[in-house]
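Have a look at the structure below, then the notes.
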Amino acid sequence: MRLRHKPYAMDRINEYSHIVIGNPEERAGNWKEVFGNEQPIHIEVGTGRGRFMYDMAKANPHINYIGIEKFTSVVVDALDKLIEEEVPNLKLINKDAEDLTVFFAKGEIDRVYLNFSDPWPKKRHTKRRLTYKTFLRNYEEVLVEGGEIHFKTDNQGLFEYSLMSMAEYGMLLTYLSLDLHNSDFEGNIMTEYEEKFSSKGHRIYRVEAKYRTEPMQ
């Protein structure tokens, strides 16, 4: 994805600091206070322009959502949507997900979404994949016991790698689809990329993986 510089982006983000939360590390352990309720919290790592989080939050007002996106010129598009129609159970973070364990306390998050992440196909970039073991460890750190990852992609190579990585980490694969849009899965909410790729005939892969509460035998 080619990113277009938007000189107004930081000013816009700073103006709406109640939506794009600045200094999220200062909120660790207190995110329910940010939302003002005790509802569960789901996060999306690499939220892009925010369509998925926006639609999820609208459809599920009983759940709080946080979209994490490191690119300022992208997250400002998600912000613009929320300026037009603010959704109280959705916040944004404009930071790198490598710092996830700094933003949230242990067990503060109930679910992690990974949608159409950069596949980083070259072997030397394996550690950058959002399903690499280091990231899986970070997700486990902030998730409740037995927390889940829901992962979608159109990239077969990344999907196969992710299944292997999750299995090697000891996670339970509780749902698997090799062709989501031709499956019996109900309630799928599409991302911008998902709509684009599926319209071109790309197959969409999906997995739900759960962290074990007891060590493998």
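Each residue, glycine too, has its Cβ placed from N, Cα and C.
What Swiss-Prot records for Glu44, Glu69, Asp96, Asp118 is S-adenosyl-L-methionine binding site. For Glu44 (S-adenosyl-L-methionine binding site), other Cβ atoms within 10 Å of its Cβ number 24.
For Asp118, the entry in Swiss-Prot reads active site, with the evidence type similarity to another entry. Asp118 (S-adenosyl-L-methionine binding site) has a Cβ environment of 13 other Cβ atoms inside 10 Å.
Packing around Lys122 (substrate binding site) is summarised by its Cβ count: 8 other Cβ atoms lie within 10 angstroms of its Cβ, all protein chains included. Annotation source Swiss-Prot lists substrate binding site at Lys122, Asp154, Thr191, Glu192, Tyr193, Glu194.
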Asp154 (substrate binding site) has its Cβ surrounded, within 10 angstroms, by a count of other Cβ atoms equal to 19
Cβ proximity for Asp96 (S-adenosyl-L-methionine binding site), under 8 A, sequence spacing 6+, ordered by residue number, returns Lys70
Apart from the site residues Glu44, Glu69, Asp96, Asp118, the 8 Å Cβ neighbourhood of the S-adenosyl-L-methionine centroid comprises Val45, Gly46, Thr47, Gly48, Ile68, Lys70, Phe71, Ala97, Ser117, Leu130
Integer Å value for the Cα distance linking Glu194 (substrate binding site) with Glu69 (S-adenosyl-L-methionine binding site) is 17
For Thr191 (substrate binding site), the spatially nearest of the binding-site residues Glu44, Glu69, Asp118, using Cα atoms, is Glu44
